[in-house]
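What TrEMBL says about this protein:
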BINDING   Arg40, Gly65, Asp138, Leu139, Glu165  S-adenosyl-L-methionine binding site
Amino acid sequence: RFAVSVGYWKDPYIQYFVRQAKERKAPEINRGKLACYYARVHGVSYLIKAFLKKTDCNCQIVNLGAGMDTLFWRLKDENLLPTKYFEVDFPMIVARKIHNIKSKPPLSKPIMESHSGDSLLIDSHSLDSSRYSIVGADLRFSSDLEEKLRKHNLDIQLPTLLVAECVLVYMTPQQSANLLKWAASTFPVAMFINYEQVNMMDRFGQVMIENLQRRQCNLAGVEVCRSLDSQRERLLLNGWETAHAIDMMKVYSFLPQADVKRIEGLEFLDEKELFEQLMQHYCICWASKDSSTL
């Protein structure tokens, strides 16, 4: 929300989910973290839009651990909605999101506009329209997850894009492996995008882990975040045919230079080294499984 408010990228919908922070963080945290968020938003968005264009939007997106994400509304504004867009998160998070949607017309109106057919279903832990569904489920139990998605008209024959941003790292390696295996075995044509930590075994990574532990935040799956190779291996070992992983410094170097120059002018940063270290400790991975050579 803060990054959007100072102009890193445009998101007219985040204001309806997240209140503006009253205080600014220290400049080096701000600039380094905000540029990392900027690279994450653009990098993930680039892959999502490439998938939508390849399929002419005749596909479905399953956003795992979606939280207060606003992607559905932004895609609708760009006429890039898939056939169906699903979000999954814990029931408590889903209940909060549904409450916001019901009480804010700028959020509910686009859902109604894209809806066709029978009446829209909505209760405290799920929302189901013809183009957009939110499902309350625990990602650690894939049979329960699949059952709930199918109730909301998941079509396993459609090309499917699954997105997980800082989600798998909170599960044990076995739990995330089960989720990846389920996705790879369920959809004949699919892509998986994962954004999370990497290179966590060096000193900088250990300090990150210690800081999170002090805030009672345990990264149960951190051992898979050893390296870009370990991130790729996990995908290949769990049924995906191709897998790629690049750190966020690499992503940052691929972004349009004019835009990078613009965001670097938003806030002064003289701690370049700290920024680069932070960017080298996050990555985007993507894997595919493609029976129809899409």
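Quick reminder: no glycine exception, Cβ is built from N, Cα and C everywhere.
Heads up, TrEMBL stuff is auto-annotated, nobody curated it.
Sequence features, as recorded in TrEMBL, placed on the structure.
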residue	record	contacts (Cβ under 8 Å, 6+ apart)
Arg40	S-adenosyl-L-methionine binding site	Glu165, Tyr195, Met248, Val251, Tyr282, Ile284
Gly65	S-adenosyl-L-methionine binding site	Val88, Asp89, Leu139, Ala164, Glu165, Cys166, Val167
Asp138	S-adenosyl-L-methionine binding site	Phe90, Asp144, Leu145
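Least crowded of the binding-site residues (Leu139, Glu165), judged by neighbouring Cβ atoms within 10 Å of its own Cβ: Glu165.
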